[in-house]
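According to TrEMBL, the domain 'Aminotransferase class V' annotation covers 3-346. According to TrEMBL, the L-glutamate binding site annotation covers S7, R40. The pyridoxal 5'-phosphate binding site annotation in TrEMBL covers A74, T75, W100, T148, D168, Q191, N235, T236. According to TrEMBL, the feature N6-(pyridoxal phosphate)lysine maps to K192.
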Amino acid sequence: MKYNFNSGPSILPQTVYEQASQAILDYNNTGLSILEIGHRTPIFEGILDEASQLARELMGLSNDYEILFLHGGATTQFLQIPYNFLGASETAAYLDCGTWGTKAIKEAKAFGTVHLLGTSKDKNYSYIPKGYTIPDGIKYIHITSNNTIEGTQQNSWPEKNGAYLVADMSSDILSRQMDFNNFDLIYAGAQKNIGAAGVTFVAVKKDIISATVPDRHIPSMLDYRKHIDNGSMLNTPPVFAVYVCLLTLRWLKALGGLQAIEPVNNQKAKLLYDTLDTLPVFTPTVALEDRSVMNVVWIMENKTLEDAFLATCKEAGMVGIKGHRSVGGFRASLYNALPLSSVQALTDLMTDFAKKNG
Ligand code: PMP
């Protein structure tokens, strides 16, 4: 038995593993594997359609949005967004809250001007900068709703002041209710809360599409308009990864959607943070009001205990507890599919470890 706290690719529902396995052997009694069906077939078109509709429904998105399933990960979105929307003489405003935001900023600078709204680099990205204002004349604002590596999560959104609002929601999409219609472009690598690695989810509002930089040649694979015109089938889509998304979305809907999953996610995070706050051997590092519900990070002041703690976790079948290689320490990712019982097992282990080593 493993307790999977991986940060992504990460745990998916058991039923998804079972259904996906069955579909590899024989998709819906068609005598064909999901891996061998053509993408331009009614079978796959049905899968893509249902996945788009379910995402739209779960997020409460209006018909003003196009849903796309693309290649290249969230990392490709870092450049695709400015390629499409940031003219050489235009300015986009970015919030720098860690590794992924920094990478997005680097890509945008190749296309136009970046105005930095704020950065939390001064304190190791342990908080979300606030109190900034959006200057006039900004084309779009880019934020990262949840910082997977640093363990911070944003709970309020900038006043737009006429700019479009773009969000990297890779690590907290579908984990909580929010007004998704407030955003003009939402993107997420699928490999945490949506499905399997290999596909990127994008919801893009028609308004921002009409604001595509007019005088720039955009290569087809990076042009949102071409993907929209071709219904996410400009080339062969990652068929199996999209199918896994569909299964996960169905699972979430059957559970009761975001309204049902949000309190469970909050309960999991509270249990872990309460434990960290109670046991002096562990030190959570993120500002209280910015603590992520998805990725919980902490350190141990007594470094000599680190290896022993990791060994204890390993022995108990806990996977993915080590912090990202760039920041060290520890991290537990508590995505939608992780059961409360796994967090309970981790906190029991921590309490026991603290008793023996406190
Ligand atoms: N943004 C965030 C918030 C992420 O967590 C990640 C990956 N974990 C990325 C972007 C990069 O995603 P990908 O590997 O799909 O390009």
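Cβ from N, Cα, C; glycine included.
On a predicted model such as this, the values are computed, not experimentally measured, just so you know.
Here the features listed in TrEMBL are painted onto the structure.
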residue	record	DSSP (3 states)
S7	L-glutamate binding site	coil
R40	L-glutamate binding site	coil
A74	pyridoxal 5'-phosphate binding site	helix
W100	pyridoxal 5'-phosphate binding site	helix
T148	pyridoxal 5'-phosphate binding site	coil
D168	pyridoxal 5'-phosphate binding site	strand
Q191	pyridoxal 5'-phosphate binding site	coil
N235	pyridoxal 5'-phosphate binding site	coil
Query: Taking the domain 'Aminotransferase class V' (3-346) alone, what is its mean pLDDT?
result: 97
Field: Neighbours of K192 (N6-(pyridoxal phosphate)lysine) among the binding-site residues S7, R40, T75 (Cα to Cα, within 10 Å)
entry: S7
Task: Please check each of the binding-site residues W100, T148, T236 and report the ones with a CB atom less than 6 Å from an atom of ligand 1, ordered along the sequence.
output: W100, T148
Task: Using C-alpha positions only, work out which of the binding-site residues W100, Q191, N235 is nearest to S7 (L-glutamate binding site).
output: Q191
- prompt: Which one of these binding-site residues, T75, T148, has the sparsest Cβ neighbourhood, judged by other Cβ atoms within 10 angstroms?
  reply: T75
- line: Students should find that the Cα atoms of N235 (pyridoxal 5'-phosphate binding site) and R40 (L-glutamate binding site) sit apart, in Å rounded to an integer, by 10
- request: List the Cα distance (Å, whole number) between T75 (pyridoxal 5'-phosphate binding site) and R40 (L-glutamate binding site).
  value: 27
Task: Write out the long-range same-chain contacts of T236 (pyridoxal 5'-phosphate binding site), meaning residues 6 or more apart in sequence whose Cβ is under 8 Å from its Cβ.
output: H39
